[in-house]
Every structure is written in C-alpha cells, then in structure tokens.
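Participant: What TrEMBL shows for this protein is this:
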- His126, Asp127, His130, Glu142: Zn(2+) binding site (BINDING)
Amino acid sequence: MMTGGRVKLKGWQQAAVAVGSAVGALLDPRRADLIAALGETTGKPAFERVLERMKRSPEGRAVLLERPRVISANVGHAWDLPPNTFGAAYAKFMGSRNFSPDDRPPVRFMETEELAYVAARAREVHDFWHTLFDLPTNLIGESALKVIEFEQMLLPMCALSVAGGTARFSHSQRNLFYQHYFPWALRAGVKCTDLMCLYYERHFDEDLEDVRRRWGIIPAPSPPLRAA
C-alpha cells in the first residue's frame, strides 16, 4: 500500500501544479519536492507506458507483484556485502555522499495505486542508476542521468530538467557536457536494457561488472584531463 497522502486533482489544478512546479524547479533545482510534483503532473502517459512494459516483463511483473521499496529497512544489508558486488557499490555511493534512501518525497498526484507505485519506483531506483553508470551527483552528472531517464521513460520532466540544468552551466561546463557527457548519455540510454523492468534488490550480491555487462550498461567515461 502506497502512503504519503495522494491528492486527486482536476485538469486545471493539475496544469497549475505543473506550471508552478516547473517555474519553482527552474528557480531552485535543489527542490526535490517541486521536481517530483512536476514529474507526476506531466508524466502520467509515460508512467502508463512504463507500467505496461513492466507487466510484459517477468522481472517487471515480480516488481509489480511484490512492490519492493528502496528504504533503509530493505536495503541496509547492502553495506555488509563484498566490495565487488552491485549492492556494495550502491552502499558506497550512498555512504560517501551521506545520502539516505528514505529522503525521497512521497508520490502525491498519481490517480491509481499501481501508477503511484511505478512513479515511486522510478524515483527510488535513481541512485541505482547513478551507481551503475558511475555518474557523479553534481549538476553535470545529474543532467547526464536525466538524458538516460528521458530515453528510458520519455518523462517530460527529464527533458525540462536537462534544459534547466544546462542553463546554469558555466561556459566550460556546457562544453564538457555537450561534447563529452551528452553523446555518451544518448548512446548509453539506448544500448542498455529496460531499466524499469529490473528487480535490482535481487542482484545486490552479484558482481557489479557482471550486472553491467548483462544489462548493457556503459559506465560514464572519465572527463578529459583538461576539464578535470
């Protein structure tokens, strides 16, 4: 059962929340709550397509049936896994940044329980994708991951986030992103498997490089020395 106090909006209310969230997120990209609201109010068709793909995938169906949540109580064992594993890499990513999986804002504007879960799942696997693609959490890294997320889910919010993020780049950051990270992200997002149809938690104890190869993951290349 999804919790968090979902709100049913009329059409004009949904549009108002979408516009307000878009403006607020552009003014302050750190507002995760506004970015989440924008994703929900503009992303229903995209989440419906993701839901249908998950239903057609054996592993995706297992996720929908069991509805795992990426919260501390469920993923804490990753910190005890061998260092070569996917789970340990995820734990290192989270621990080195002092991130908590419990910090994600709840889903509020999805009409059905099933779509609410898909939206929450998309939000919660974000840090798994950071780990798999070996992307930093700076503005360039987040923008590059949003390119992959757009290719995977076609969420309008992802495209808007890239536009808003790159607008804040310095000249050197913009050159680095469009010459180095953007072409890689376009290639990586197309080549990999359907990332929303993976039951990541079942693969925590597997070798990180093995799961990358199996899922067609191309890790982000190191930036050129002159840009480091």
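Cβ atoms here come from the backbone N, Cα and C positions, even for glycine.
Because TrEMBL annotations are produced automatically, they should be read as predictions rather than curated entries.
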Participant: List every residue in the same chain as Asp127 (Zn(2+) binding site), at least 6 positions away in sequence, whose Cβ is under 8 Å from its Cβ.
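Facilitator: Those within reach of Asp127 (Zn(2+) binding site), by Cβ under 8 Å and sequence separation of 6 or more, are Val70, Tyr90, Phe93, Met94, Phe99, Pro101.
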Participant: Beyond His126, Asp127, His130, Glu142, what residues of that chain have CB atoms within 8 A of the centre of the Zn(2+) site's CB atoms?
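Facilitator: Apart from His126, Asp127, His130, Glu142, the close residues are Phe128, Trp129, Leu135, Thr137, Leu145.
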Participant: Name the residues of the same chain, 6+ apart in sequence, whose Cβ is under 8 Å from the Cβ of His130 (Zn(2+) binding site)?
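Facilitator: Same-chain residues close to His130 (Zn(2+) binding site) (Cβ under 8 Å, separated by 6 or more) are Phe93, Thr137, Gly141, Leu145.
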Participant: Would you count the other CB atoms within 10 A of the CB of Glu142 (Zn(2+) binding site), including those on all shown protein chains?
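Facilitator: By my count, 18.
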Participant: What is the Cβ neighbour count of His126 (Zn(2+) binding site) at a 10 Å cut-off, with all protein chains included?
Facilitator: 15
